[in-house]
Amino acid sequence: MFAIMETARLEALHLAQDPTTGLKAIIAIHNTRLGPALGGCRYLAYPDEQSAIRDAARLAQGMSYKAALAGLEQGGGKAVIIRPAHLSNRGALFEAFGRFIETLNGRYITAMDSGTSSADMDCIAQHTNHVTSTTSEGDPSPHTAMGVFAGIRATALARLGSDDLEGLRVGIQGLGHVGFALAEQLHAAGAELLVSDLDAGRVQLAVEQLGAHPVASAALLGTPCDILAPCGLGGVLNAETVGQLRCSAVAGAANNQLASGDIADTLQARGILYAPDYVINSGGLIYVALRHRGESLTAITAHLAKISLRLTEVYAHAQADKRSPARVADALAERLLYPG
Ligand code: NAD
C-alpha cells in the first residue's frame, strides 16, 4: 500500500466499507498544496483491490497536474467505488459514500466519472456538500469541448502559422459528449471534418448535420489531416499507432492519450505537435470547480480562455527547449505542486 502511495506521491489514502450497502470505497488524495482535492468517482468492477487502489492513486496524480495547469485553487484526488457482484440498492450505496466523503471535512470533493451519473451525485449530496456535477449543476462536456476548440486554434497557430480553421482538415476519433460538440464548433468555423465512431449512428448524425466525411475507425489515425483530435478512449497513441499518423498536430479531448511517456518524444521527433491532453481537456474540470464555488457563467467562460493561453505558453517553452510539449507541461505542473 505505501509503495503505491510513494510511486504516485500521494498525500493520503482513505478506505471505507459499509457491509449494509456493500460499499467498498477508496479515496486517494494526491496533493492539496493549491487547494482541496477535486476529482471524479469511478464505479467499476476491478480484478482485485490492489488494482482499484492503483487506479485511484494514478488518476489522483493526474488530477493534481490538470488542476495546477488550469490555474485552479484545487488539488488532485480521485475516488473508486468497487462495483459489488450483487447490488441491492444503488442509491443507498452512493449515500453511504456521501457519508464517507463528509468525514474528510472538505479535503476531497467528488464528481461524476466512469460508471457514475449525476443522479449518483445527487444521492451523495444528501450527506455532504463536497460534491459537484449533480443534476442541478449540469454536464461539464460542452465546456470541455469549448476548451478543446480553443486549444485547437492555439495548436493551429503554433504549428501551421494561423488560427483560422477555414478549410482545415480535422480528424475526430469519437463523437460522444465532447467529440460531437467539438465537431459542431469546428464545422461552424469552416473546418473540414473526417470522423469516426464505433457507433455508426453518431457518424451518420455528423454526416447529415455537419457535412462530415465518415472514416472507418481502424483507418482514422492513418488518414491524412492537419489536426487529429482523439476524443474516444485513452491510450490511442502507442508504439504501433504513432508511426501511422499523417497529421501535423494532435489535439483532442481524450484522457491519457499517450500509452507511455516516450510516445511524446516520438511525436516530437516526427514533427507532430502534441497538445498535452490534461491541458487542452481541462474545460470540464474548470467548469465543475468554479460552479462548485458559486462562480458565474461569465467568470467560467473567462477562465476557459486561459486554456489556449496556457497551451501557447507550453508550445513556446517546447520550441525553445526542443522538447515535447508533454514533458514541458509536466515540468510546469511540478513547479507549482512541488516548489523549492
Ligand atoms: P463519451 O463516452 O460520451 O464518448 C466517447 C465516444 O468515443 C463514444 O461515442 C464511443 O463510441 C467513441 N469511441 C470509443 N472508442 C473509439 C474508437 N476506437 N474509434 C472511434 N470512436 C470511439 O465520452 P466523452 O465524455 O465524450 O469523453 C471523451 C473523452 O474525453 C474520454 O477519454 C474522456 O475521458 C475525456 N474527457 C471528457 C471530459 C468530459 O467533460 N466529458 C472531460 C475531460 C476528458
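The backbone N, Cα and C atoms fix where each Cβ goes, glycine too.
The following features are taken from TrEMBL:
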ACT_SITE  LYS78  active site, proton donor/acceptor
BINDING   GLY174, LEU175, GLY176, HIS177, VAL178, GLY179  NAD(+) binding site
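Recorded features from TrEMBL, shown on the structure.
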residue	record	Cβ within 10 Å
LYS78	active site, proton donor/acceptor	29
GLY174	NAD(+) binding site	27
LEU175	NAD(+) binding site	27
GLY176	NAD(+) binding site	16
HIS177	NAD(+) binding site	17
VAL178	NAD(+) binding site	28
GLY179	NAD(+) binding site	27
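Taken residue by residue with DSSP, the residue listed as 'active site, proton donor/acceptor' is part of a strand. For the pair formed by HIS177 (NAD(+) binding site) and LYS78 (active site, proton donor/acceptor), distance between Cα atoms is given as 21 Å, rounded to the nearest Å. Taking a Cβ cut-off of under 6 Å from any atom of ligand 1, the recorded positions LYS78, GLY174, GLY176, HIS177, VAL178 reduce to GLY174, GLY176, HIS177, VAL178.
Note: the Cα of LEU175 (NAD(+) binding site) and the Cα of the residue listed as 'active site, proton donor/acceptor' are spaced 26 Å from each other. The two recorded residues, VAL178 (NAD(+) binding site) and the residue listed as 'active site, proton donor/acceptor', show a Cα separation of 21 Å. DSSP assigns GLY179 (NAD(+) binding site) to a helix.
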